[in-house]
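Structure first, commentary second.
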């Protein structure tokens, strides 16, 4: 096994881990959150957004964005180049440009002093665009992962 193979495997694993996290959020957490009232929903999202930025998440989230292009460059695989583009633009780009700004606004929402109407308004302003961006990045991650696995199985 060469360093090229190791990088490709690490790129694929980190992409798979992030894809699983995003997919789990899409199919389980987000549907469960629709059952919450506005204030508990906001509290839960604020808590998640505060704890998710941790070393293991960052290592995999950014690691895939670095390792996929590196593996593509080293292998010359079109599958890896496509996976890298999907991940960098569709996952990192969407998260940085779409989800994180919404998270930042929600994090500043004064839940302790908010009226029920203000909480409902804040939830709507957050949840609708956040969920749309989340679907986009989950689909991009899934396609990137499939392509990375294909590159591992079939080579170029």
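Any Cβ shown, glycine's included, is placed from N, Cα and C.
Because TrEMBL annotations are produced automatically, they should be read as predictions rather than curated entries.
Matching 115-134, 135-154 against TrEMBL, the residues noted as transmembrane segment span 135-154. With Cβ pairs under 8 Å as the measure, the transmembrane segment (7-32) is packed most heavily against 135-154, out of 52-73, 80-102, 135-154. Counting same-chain residues at least six beyond the ends of the transmembrane segment (52-73), those with a Cβ under 8 angstroms from any Cβ of the stretch are 4, 7-8, 10-11, 14-15, 17-18, 21, 80-81, 83-84, 87-88, 91-92, 95, 144, 148, 151.
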